[in-house]
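Record features, source TrEMBL:
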DOMAIN    2-165  domain 'Hydroxymethylglutaryl-coenzyme A synthase N-terminal'
BINDING   Asp29, Tyr143, Lys242, Asn275  (3S)-3-hydroxy-3-methylglutaryl-CoA binding site
ACT_SITE  Glu79  active site, proton donor/acceptor
ACT_SITE  Cys111  active site, acyl-thioester intermediate
ACT_SITE  His233  active site, proton donor/acceptor
DOMAIN    264-353  domain 'Hydroxymethylglutaryl-coenzyme A synthase C-terminal'
REGION    385-406  region 'Disordered'
Amino acid sequence: MKIGIDQIGLFTPGQYVDLVEVAQARGVDPNKFTIGIGQDRQSVPGLTQDAVTMAANAALDFLTAEERDQVELIILGTESGVDNSKAGALYVQHLLGLNQWSRAFEIKEACYGATAGLQMAADFVAAHPDKKALVFGSDIARYGLATGGEVTQGAGAVAMLISANPRILALNNDSVYRSQSIQDFWRPVYSDIAFARGHYSTNQYIDFFQKVWAKYREETGHTLDDFKALCFHLPYTKQGLKALRKILPETNVDHQQSLLHYYDESIQYTRQIGNIYTGSLYLGLLSLLETSTSLAAGDTIGLFSYGSGAEGEFYSAELQPGFEEQLHGETHQQMLANRRQLSVPEYEKVFSEELPTDGSAYKADTSNEKARFYLAGIKNHERQYRDHLRGNEDAGAESAPDEPIA
Ligand code: CAA
């Protein structure tokens, strides 16, 4: 039985900053950002979007009434969680009106969370072929203004429907994974910005890739020649290229050129959006599928997932007949083109705005928020989610009795 990605959707907030302008404001040669790092623009989330709303918005690309009922597993992979106890997946379930006879929870392992969710969902479908799973990777990447990591920030979410007989990509059940406790990147619970040993993290990413790729080759007998394209976790687009270049000499020059061509197609969305952590690998996959005109059913795609801390996984999947018809390329191009450009001072202002951390109530300015699901504020320590279609009612949870909160 084939199991894999049946549908895939994308959301990114409606504002961006141009990284050439950021480079100029920081006194850096813009070529460092656009060529050395490989980023052009960066999505800038206001306080009205968080990991929950972005995930729910990403599923709107494809979710049908029938699928809402068939989903029995809802997994949110995120490292930008909004609560230390309640899973963001439950808010997403309520926002999207998903089946309540389901398991819903959140997974954290840095940028690897969505891959953990995807593999768990595939196992779930293998055990229950008539059921479906929704897996989200949704994050806001924040390092701080004028830091080394600033150019690698971003925000967005990918939603994936996992099922038997998938219409886009069937997993080949050949994962090789490795985990090891290292301090390359982390975010303590008291901080809303990440800390990274930037160059160490870059080298660890490559080291994990080389190790899982070597083991994958050994275990499966496959070589680089068996792959039409490779997709990578993309903290910035140069990172995946650095990894790819390590193994290119394993194939002939023509195939090297072809892999580089597909790599270029896989990084187009990330160049515009930035790092979206858990969803990043799948943003690369989406970019490849929606940009390329030469992929065909039966082509094998390799996927490398990396989460700092750290965990790496390499696996392969096969494109399914008619996959092109399941994509939403035009919608995504429009979403990117319709974003509002912020000047650098505007971006710095948005970046510096924070939700209260002392428990006080907060009402967000939602006048510019066009996305269907958004955060309207905080009241009684509870996030107030809204659905443009449902007006002012709380769209994130059922109404609770009016009882003092302990
Ligand atoms: N023109 C063209 N290229 C230029 C240039 C110019 N004028 N000036 C510099 N460059 C090139 C450099 O040669 C370098 O290229 P190589 O990497 O190919 O050698 C590149 O631009 C970057 O230069 P630096 O290494 O000097 O950049 P930096 O010190 O400012 O840091 C960074 C870059 C480490 C990625 C930093 O942005 C960072 O810390 N980012 C956050 C951490 C991160 O993204 N790590 C990735 C791996 S961890 C992971 O994958 C998980 C995750 O999502 C976070």
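Cβ coordinates come from backbone N, Cα and C, glycine included.
On the structure: features taken from TrEMBL.
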{"residue": "Asp29", "record": "(3S)-3-hydroxy-3-methylglutaryl-CoA binding site", "Cβ contacts under 8 Å, 6 or more apart": "Ala23"}
{"residue": "Glu79", "record": "active site, proton donor/acceptor", "Cβ contacts under 8 Å, 6 or more apart": "Lys108, Ala110, Cys111, Gly113, Asp139, Arg187, Tyr277, Thr278"}
{"residue": "Tyr143", "record": "(3S)-3-hydroxy-3-methylglutaryl-CoA binding site", "Cβ contacts under 8 Å, 6 or more apart": "Gly149, Glu150, Thr152, Gln153, Ile193, Ala194, Ala196"}
{"residue": "His233", "record": "active site, proton donor/acceptor", "Cβ contacts under 8 Å, 6 or more apart": "Cys111, Tyr205, Gln239, Gly240, Ser280, Leu281, Gly284, Phe304, Ser305, Tyr306, Gly307"}
{"residue": "Lys242", "record": "(3S)-3-hydroxy-3-methylglutaryl-CoA binding site", "Cβ contacts under 8 Å, 6 or more apart": "Thr202, Ile206"}
{"residue": "Asn275", "record": "(3S)-3-hydroxy-3-methylglutaryl-CoA binding site", "Cβ contacts under 8 Å, 6 or more apart": "Cys111, Ala141, Thr152, Gln153, Gly154, Leu234, Pro235, Tyr236"}
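Here the domain 'Hydroxymethylglutaryl-coenzyme A synthase C-terminal' (264-353) is broken down by DSSP into helix, strand and coil counts: 46 helix, 21 strand, 23 coil. Summarising the (3S)-3-hydroxy-3-methylglutaryl-CoA site geometry, the residues cited as binding it (Asp29, Tyr143, Lys242, Asn275) extend over a maximum Cα to Cα distance of 22 Å. Checking the recorded positions Asp29, Glu79, Cys111, Asn275 against ligand 1 with a 6 Å cutoff on the Cβ atom leaves Asp29, Cys111, Asn275, in sequence order.
Helix, strand and coil counts under DSSP for the region 'Disordered' (385-406) come to 3 helix, 4 strand, 15 coil. In this structure, the residue listed as 'active site, acyl-thioester intermediate' is part of a beta strand by DSSP. Classification of Asp29 ((3S)-3-hydroxy-3-methylglutaryl-CoA binding site) by DSSP places it in coil, neither helical nor stranded.
The average pLDDT the prediction assigns to the domain 'Hydroxymethylglutaryl-coenzyme A synthase N-terminal' (2-165) is 98. Under the DSSP three-state reduction, Lys242 ((3S)-3-hydroxy-3-methylglutaryl-CoA binding site) is assigned to helix.
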